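Below is one structure, written out as structure tokens; comments come after it.
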């Protein structure tokens, strides 16, 4: 038994090391890639200081943090709702953040500062997450809870479409493209949003013990002495915060929170002591690679990153649905 435990521990360490190397390679590629490829040897030239340090570095850091936040949010929601298909985008949390942001633009008539828009996006994500938690407490089946989340997402999407369609504000119309997901407008002025993600990410990665208990189910967690009400509300707040900040930074980006935790579990990373940091590393790597594809796919334009992640993630999601139905 001890030998098996040591083998599993070594395998987990190897996975985390591989994911760390993958993330570093994706980060370096993201700093080099663009209309003008700039190799590391030219990073400190006048051209490199402009393109790498002023334009690409803040964007790359934002992509890295948002990818980590979305993947960890997916893992947390799957444990919270005891639902392997739970994910911020699929359950409407990302769209809720978008509704909060668009409501702030409408009510503030475009005069609100960026920090206020970010807080409204966070509030919208929290409201949808709390509604989903109320549904989960009614012991709905997996399929019904999933349908409830999809319905909430459709309602939020409809509200955003109506608001944008009837608006005469140029800023609000530009939000429609922004809600498809993209990091094109990110620079050092959004560094406060990046900093707002870091402490929550680090805190959740340290909460493997209650997460492992939650993954066992509500009855088992209670028997083990876990204060369910406290941890559910704290994790809901943390998840809503991460999703809201991510939407404020880059718009709605789907499938990262669904696919990454599933792939890691299939690879044997079921313990949240390894799964949570693994999700952070894999989510950051996946979104960095998707952002590189979005930047390089078209010569004179940039694809919305939400389109890239949906194109790559939708087939995986269908496969997971078929596998869950067997």
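Every residue, even glycine, has its Cβ placed from backbone N, Cα and C.
Here is what Swiss-Prot says about this protein:
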TRANSMEM  15-35  transmembrane segment
TRANSMEM  61-81  transmembrane segment
TRANSMEM  88-108  transmembrane segment
TRANSMEM  112-132  transmembrane segment
TRANSMEM  146-166  transmembrane segment
TRANSMEM  184-204  transmembrane segment
TRANSMEM  240-260  transmembrane segment
TRANSMEM  274-294  transmembrane segment
TRANSMEM  302-322  transmembrane segment
Could you name the stretch, out of 15-35, 112-132, 184-204, 240-260, 274-294, with the greatest number of CB pairs under 8 A to the transmembrane segment (146-166)?
112-132
The transmembrane segment (88-108) vs the transmembrane segment (274-294): 3 or more CB pairs under 8 Å:
no
Are there 3 or more C-beta pairs under 8 Å linking the transmembrane segment (15-35) with the transmembrane segment (240-260), counting only pairs at least 6 apart in sequence?
no
Grab the same-chain neighbours of the transmembrane segment (15-35) for me: Cβ-Cβ under 8 Å, and only residues 6 or more beyond its ends, written as numbers and ranges.
43, 51-52, 56-57, 59-60, 63-64, 264, 267-269, 274, 277-278, 281-282, 284-285, 288-289, 291-292, 295-296
For the transmembrane segment (112-132), give me same-chain residues lying six or more residues beyond its boundaries with a C-beta closer than 8 angstroms to one of its C-beta atoms, as numbers and ranges.
81, 88, 91-101, 103-105, 145, 148-149, 152, 156, 189-190, 192-193, 196, 236-237, 239-241, 243-245, 247-248
